[in-house]
Amino acid sequence: MGEEKQLRDGHAGKNKYAVACSIIGSIISILMGYDTGVMSGAMLFIKEDLKTNDTQVQVLAGILNVCALVGSLTAGRVSDWIGRRLTISLAACIFFAGSALMGLAPNFGMLLAGRCVAGVGVGYALMIAPVYAAEISSAQIRGSVTSLPEICISFGILVGYVANYLLAKLPLVYGWRAMLGLGALPSAVLAVSVLAMPESPRWLVMQGRVEQALAVLRQVCDTAAEADTRLAEIKVAARLDGDATGDAMAATSAQGGVGKGVWREMFLHPTPPVRRILVAAFGVHFFQHLTGIEAVVLYSPRIFRAAGIATRSEILVATVGVGVTKTVFILTAILLVDRVGRRPLYLSSLAGIVASLACLGVGLTVVERSAPHHSPAWAVVLSILTVFTFIASFSVGVGPITWAYSSEVYPLRLRAQGASVGVAINRVMNAGVSMTYVSLYKAVTIGGAFFLFAGLAAVAAAFFYFLCPETQGRPLEEIEEVFSSGWRARLRSPAAAVELPVSNIAGGGKRRP
């Protein structure tokens, strides 16, 4: 009992090997972030070099997310087939091909083709990185490690902004191509290095490879007893006989086919807990980009120009500041998510987002209605400042927790393909915002666009408050129980969730009092 209490107090489950594996698995997200960040500046030079119009710019910005649908909708089935680790390697290979095409593009058509290929890799990366991190980590650190993909995305965006600033000094014909082509180098390295990582123990159990799963668990757990207990819980969650031998389980897995029947269980005949899980998981993806984050990150140069920053160099420096802010506050979120819980951070984040967007709308409206070069100083300062407060608010909650929460709520048998659908929804919303933002602000003014985003963020807060219960401290195999009591489960405090007893499956499946 003393050892188990120590596990609950957080002294166990913090194995550095598990954290290192999660970091390596999340590096693929840096490449996705780099592409987003570098494109925001590269579009200034692409427009000048290739003479693109606003419609082409919007298509170029959003096509990555449209093509990410192909990746995200197939990644779940592929990862159930070849494993989580090889899926990360496949994502890196696809991204390598896309980056190379963009870097060598002689015209807009090939540039768009490269962006489409990279988008497929992005779909794979967004689905697999948080799933792998969730499945290899313990409950005590799961929130932090499943937030790693978001910090990697933010770091990649920052690197992209810095690359924009440094490579802007190259001749026009080479500058934007170098910006976009650089992503190919780390992709190639990652595709090979990820093969040294262990496979997800939960995927191994689903394949009937129990002995290998136990070997991995003993690498990422602090004690052999903890590894045995986690293996027993995973076997029950996988709906495999806890007393079955590895060969028998492998035969059962091969006969049933990993991943078969998932779509029917999710969409045709879901149980009430599964239905609530899908609403929560898909909902956080639906609302993430309706807060306007893609508009601010991808079009920040235009926003700063509208706020009164004139020169290209000053715009790129301000954009680097956005990347720094995003990275710093996501690091803060990673430090807090397993201490204060998902709900407090997410709801506080949305409160900051609503306030920032409303103030940004006011500032930009005043600047837009003022005579050229005669905008009130307070409106200019307010517009610039609230871009940074918006980025900080998003990064401390909505950004990382969307990925952490959605990767941990699915039952094991539904996780990979459920995550695929969630990422597909995320990419649709991302594409919708990035491909329509310019048209939107031309239709309702740039200030009006941010007022709209503020209203949608308020709706997101109501959704999360009523339909998304706390999951902090719960083992993955117990989270389905959290949704069994409906929306009232949100009233549980994070502390209560941590103190709830775990299944004593190894001792006969009974719960300890």
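From the backbone N, Cα and C atoms, a Cβ is placed for every residue, glycine too.
Keep in mind that TrEMBL annotations are predicted by a computer and have not been checked by a curator.
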Stated TrEMBL location of transmembrane segment, expressed as one of 57-76, 277-296 = 57-76
Do the transmembrane segment (112-133) and the transmembrane segment (315-337) come close, with at least three CB pairs under 8 A (pairs 6 or more apart in sequence)?
-> no
What else in the chain is close to the transmembrane segment (379-405), if you only count residues 6 or more beyond its ends and a Cβ gap under 8 Å?
-> 126, 130, 134, 142-143, 146-147, 149-151, 154, 280-281, 284-285, 288, 291-293, 296-297, 300, 303-304, 306-309, 318, 321-322, 325-330, 332-334, 336-337, 342, 345-353, 355-357, 359-360, 362-364, 366-367, 370, 426, 460, 468, 471
Surrounding residues of the transmembrane segment (174-197) on its own chain - C-beta under 8 Å, 6+ positions past either end | 21, 24-25, 27-28, 30-31, 34-35, 38-39, 41-42, 45-46, 49, 85-86, 88-89, 92-93, 95-96, 99-100, 102-105, 111, 114, 118, 121, 160, 163-164, 167-168
Across the domain 'Major facilitator superfamily (MFS) profile' (21-472) the predicted model averages a pLDDT of 82
Cβ contacts under 8 Å made by the transmembrane segment (57-76) with residues that lie 6+ beyond its boundaries | 35-36, 39, 43, 46-47, 87, 91, 94, 108, 111-112, 115-128, 259, 298-299, 416-421, 423-424, 426-428, 430-432, 434-439
